[in-house]
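Step one of this worksheet: look at the structure below.
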Amino acid sequence: MAIIDDARKGIITDEMKKISLIEKISPEKVRKRIVEGKIMLIRNEKYPSKKIVAIGKGLTTKVNINIGTSSEVVNLDMELEKVKIANKWGDTLMDLSTGGDLDLIRREIIKHSELPVGTVPVYQVFIESFKHKSGGAYFTEDDLLNTIEKHLKDGVAFMTIHAGLTKDLAIRALKSNRIIPIVSRGGDMIAGWMIHNNSENPYRKNWDYILEMFKQYDAVISLGDALRPGATGDAHDEFQIGELLETARLVKSALEKGVQVMVEGPGHVPLNEIAWDVKLMKKLTGGVPYYVLGPLPIDVGAPYDHIASAIGAAIASASGADLLCYLTPAEHLSLPTVEQVEEGAIAYRIAAHAGDIVKLGKKVRNWDDVVSYYRGKLEWEKMISSLIDPERAMKVYTQFGKPKVRACTMCGGYCPMMWAMEQVRKISD
């Protein structure tokens with residue numbers, strides 16, 4: 001039975017109890033917020049992942065790791081190494097592959113992932129249409145629906161569905177003076193299909209049937225933002241907001257049918273607009289979980305977009321965003337390496353925690369207080385073992401050899417904490 005249906009009947013399931021323990025929130029709050037659509041369990045009921053992951057109101061901010069091949073670089077072994085990184089640092093994982101045997105790659109990623117896995121089904125149907133029909137926009141509506149069903153049968157837990165994009169919005173955005181008309185790959189594929197076939201969005205036309213499929217597997221619909229801003233100068237224009245309004249209507253219908261749903265957000269957004277972007281989305285959708293890409297507050301940061309976007313991500317998290325989609329140093333430049341995936345993942349783990357200190361307060365800040373206590377006492381092993389990345393921290397601590405004094409090699413014998421402890425002893429005598 002779908003978890004929303006259980007919650008509506010007043011049933012607190014084992015999954016709800018586990019979420020309650022992990023997140024330090026009462027089981028009844030979990031149940032009630034699932035009913036309201038404000039908390040969701042990211043899963044495919046028939047193929048549950050090893051890690052239980054819930055997102056939403058009152059829960060810690062989660063981090064999504066994107067991996068996948070491209071038409072230029074197809075290396076399954078490398079992508080499976082990225083899965084290991086995702087298992088270590090992430091909460092959810094998306095396979096965005098566009099090159100190679102897409103069915104094989106997806107199934108191998110799901111097999112090796114401990115996390116719920118997401119996909120963008122239009123990628124596969126567009127690419128296969130391009131290969132077999134000499135054009136990406138030649139796929140049929142049945143091709144798209146069959147691909148969604150295949151992904152669900154394989155165990156995909158959530159999918160980006162660009163159902164908020166209308167034909168009118170797409171055409172007006174393409175004709176507009178936007179700096180970059182469309183930057184969403186899946187969104188542009190749907191736009192191209194609508195224009196080529198002179199037809200409305202196939203997701204919208206088949207929305208009720210899509211809801212039935214997701215309900216059958218109790219999987220999650222992630223409503224994509226096809227017209228998200230790809231430049232800070234395009235943020236919050238009529239096209240982004242127009243699509244969000246359409247998306248809000250779809251959220252309501254999904255929840256009415258008992259389908260778990262979240263909304264995807266930008267993108268490139270100036271720093272001063274990030275907080276109210278989150279608040280606007282929550283207001284329009286009734287508070288369903290928000291899954292943001294960054295946001296990236298500048299356009300000039302590559303190859304440091306993992307750093308620039310982590311700044312925006314921390315603000316988004318603090319403002320109420322629930323799932324952060326990471327960026328890597330390769331963003332806007334290249335397919336990322338394994339090392340770049342880990343750099344991005346760590347940056348976003350930090351951003352999520354920084355936001356949670358604001359959003360959730362003491363129950364997450366206790367971790368920081370413990371580290372600070374050990375730091376103040378110069379208890380290095382305890383302090384380092386409590387950090388976000390103990391292994392790397394120890395390497396840095398000993399990079400010039402073990403310190404000759406109790407302090408580290410930065411301050412040495414002039415360490416204020418070492419002196420302060422001695423001063424405390426003197427004034428206490």
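Any Cβ shown, glycine's included, is placed from N, Cα and C.
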If Swiss-Prot gives N66, M94, Y123, S184, R185, G186, D225, A226, L227, R228, E264, Y291 as binding substrate, which of H112, H151, H162, H306 does it give for that site as well?
H162
Which one is closest to Y123 (substrate binding site) in space, judged by CA to CA distance, out of the binding-site residues H268, H332, C408, C415?
H332
Sorted by position, what residues of the same chain at least six away from R228 (substrate binding site) have a C-beta under 8 A from it?
V183, S184, G187, Q240, E264, G265, P266, G267, H268, L293
Using only the Cα atoms of N66, M94, Y123, H162, S184, R185, G186, D225, A226, L227, R228, E264, Y291, which the record gives as binding substrate, return the largest interatomic distance in Å, rounded to a whole number.
20
Assigned conformation of Y123 (substrate binding site) - DSSP reduced to three states:
helix
C-alpha of C415 ([4Fe-4S] cluster binding site) to C-alpha of N66 (substrate binding site): distance in Å?
42
